């Protein structure tokens, strides 16, 4: 029996952990060196609720320099992972400011999973000290949940690519969301060529 194919696109600020999340899930290895992504694709097989699914994983660049290139990733998307980092309250602020408007524009009826990356850094003393200097603190679970409600996300999950905690759950949840029937006049992402 042929696998069902679904397309997953990951968005979020630069350095918020998108690429590490994808690499840990698809290759089971944690990259120790940060190299900003321009555009990467991975494929991973996952079984959810007895269904074999081939997930096309589309990594995107979070930096503003790529704001005009990123929409090329959106056509035919089945689910969005919208990421922020627990050690960067600013990356959570950018969810409603930047990422939701962009995704809702190009993918109006695609389910969004809000993902808190780098969960392991929430209790890291060095991170807490650095954030305290700027009168900030790591993002709390309640803040993430509240944001998920605010943006009407399909679900909210937390994970750590470094410890692998929660990684599989993120992709299982995303796959379930991608498999659900969509409602609304527009199925999936609009073809960005029409809007550019």
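Each Cβ is built from the backbone N, Cα and C atoms, and glycine gets one as well.
The Cβ of residue 119 (GTP binding site) lies under 8 Å from the Cβ of 86, 158, 159, 160, 163, 165, 166, each on the same chain and at least six residues away in sequence. Summarising the annotation, Swiss-Prot assigns GTP binding site to 12-19, 59-63, 117-120 and lists similarity to another entry as the type of evidence.
Swiss-Prot lists 37 with the feature (Microbial infection) O-linked (Glc) threonine, giving experimental evidence as the kind of evidence. Contacts of residue 37 ((Microbial infection) O-linked (Glc) threonine) defined by a Cβ separation under 8 A and a same-chain sequence distance of 6+ are given as 18, 19, 59, 60, 61, 62, in order along the sequence.
Here Swiss-Prot flags 154 as phosphotyrosine, drawing on similarity to another entry. The secondary structure of residue 154 (phosphotyrosine), as reduced to three states from DSSP, is coil rather than helix or strand. Taking Cβ-Cβ distances under 8 Å and a sequence gap of 6 or more within the same chain, the neighbours of residue 154 (phosphotyrosine) are 79, 111, 112, 113, 173, 177.
The S-palmitoyl cysteine annotation in Swiss-Prot covers 189 (among others).
Under the heading S-palmitoyl cysteine, Swiss-Prot lists 192 (among others), citing experimental evidence as support.
Among the features that Swiss-Prot reports, S-geranylgeranyl cysteine is placed at 193.
For 193, the entry in Swiss-Prot reads cysteine methyl ester, with the evidence type experimental evidence.
The S-farnesyl cysteine annotation in Swiss-Prot covers 193.
Long-range Cβ proximity for residue 15 (GTP binding site), meaning a same-chain Cβ under 8 A and a gap of 6 or more residues, is found for 34, 36, 62, 85, 88. Sparsest Cβ environment among the binding-site residues 60, 63 (other Cβ atoms counted within 10 Å): 63. The Cβ of residue 12 (GTP binding site) has 27 other Cβ atoms within 10 Å, all protein chains considered.
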